[in-house]
Amino acid sequence: MAEMSWAAGTQCVAKGDHRKPKPGELAYHKGDILTIVDTSTKKGCYVVKHNSTGEEGLINSANVREREALRVDPNLSLMPWFHGKISGPDAVCKLQPAEDGLFLVRESIRHPGDYVLCLSVSGKVVHYRVIYKDNKLTIDNTQYFYNLIDMIEFFSKNKGSIATTLLKPKQKQGTKSAEVELSKTGWLLDISNLTLGQNIGEGEFGAVHEGEYMGQRVAVKTIKCDVTAQAFLQETTVMTKLQHKNLVRLLGVILHKGLHIVTELMTKGNLVNFLRTRGRSVVNSVQLLRFALDVCEGMGYLESKKLVHRDLAARNVLVADDSVAKVSDFGLTKLDLKEPDNVKLPVKWTAPEALKKEKFSTKSDVWSYGVLLWEIFSYGRQPYPKMSLKEVKERVEGAIVWRLQRTAPPVYTP
């Protein structure tokens, strides 16, 4: 079996115990989460940092294994302490027996749009109204927060204007803490090891920054909206299952004032912009074929995992420093495709059966791949040019497929 090799910043799991380390070695127990700090010190060894103790030392590379993938679980929550629309008396009942620092958050019934922080202290439950003001949340009009996650994080470390720090969340029945599961499986990263750099992208749901995590250049997707962050947890869960040279690699997740998804940095940006800004004079037909093959291999791997991407397009393929193309943006990727979703479909890339019946499969991904090939060989042109989305939808659903090849050059000349 080939020896695994990981970059600095990667988290891994100890296979067994090492209780009597030699000088320079690290003591650890089976199942401990370790972060690789340096891979160049000694052949066959890593310098690692123990995630719990913070201690550093050498470990044999054969004594660590990959992290476990997160299970796709609808009960996994970034806010397990959020109980939705319940009354004050119900909140008091849930916070029994009384325990200082026990808390939950609920929607305000009296003031729709606001929230209430319910906190047990000195045998009583205190209710703090959380006001939504100027797109932020506040309890005292002094300290403002981006979202509930940000607020709970702050009051868990600082007493501030409340009676005591938040010590113990009262978990809503049926939910699982995403933070606990991410930590247990080794996917939760430490914010103190992250340095954010310039903004390299701005989307509907948040920003993407270049950064550095323990010496490795990374991309950080930041989502500050509670609801959106919860939705993006699905993308993160899918990415923990994936390990392929033509799929963008997930390093881990940071929970700090929202959700931060940390991936390898793809320095040349997305494929559509790469092609549009370079053109035929820079990118030859051999490189175009290479891009097509890279995406094909990545999608073949997804098929082997019984996953359907559902949003394959040149904008969702990123290009690495060595010009290798990698599929990204797994936000719509699903394992179970029986249940329809109320999501906006990328019409020009979506197969007829998916547009008409929301029926997605590997076959519908193949359709999207066909449109992607046209994007590649037209150097990033928009598919179905001069046609509205309504026209495209009518033609595709009616099986009147417009011939895309008019502006795509031949790959080979016979």
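Cβ atoms here come from the backbone N, Cα and C positions, even for glycine.
Automated prediction, rather than curation, is the source of TrEMBL annotations.
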Stretch carrying region 'Disordered' according to TrEMBL (options 1-21, 127-147, 232-252): 1-21
For LYS221 (ATP binding site): intrachain residues, at least 6 apart, with Cβ closer than 8 Å: GLY206, ALA207, VAL208, PHE232, HIS260, ILE261, THR263
DSSP three-state assignment for LYS221 (ATP binding site): strand
DSSP-derived helix, strand and coil totals, residue by residue, for the domain 'SH3' (7-69): 3 helix, 26 strand, 34 coil
For the domain 'SH2' (81-170), the number of residues DSSP places in helix, strand and coil: 17 helix, 31 strand, 42 coil
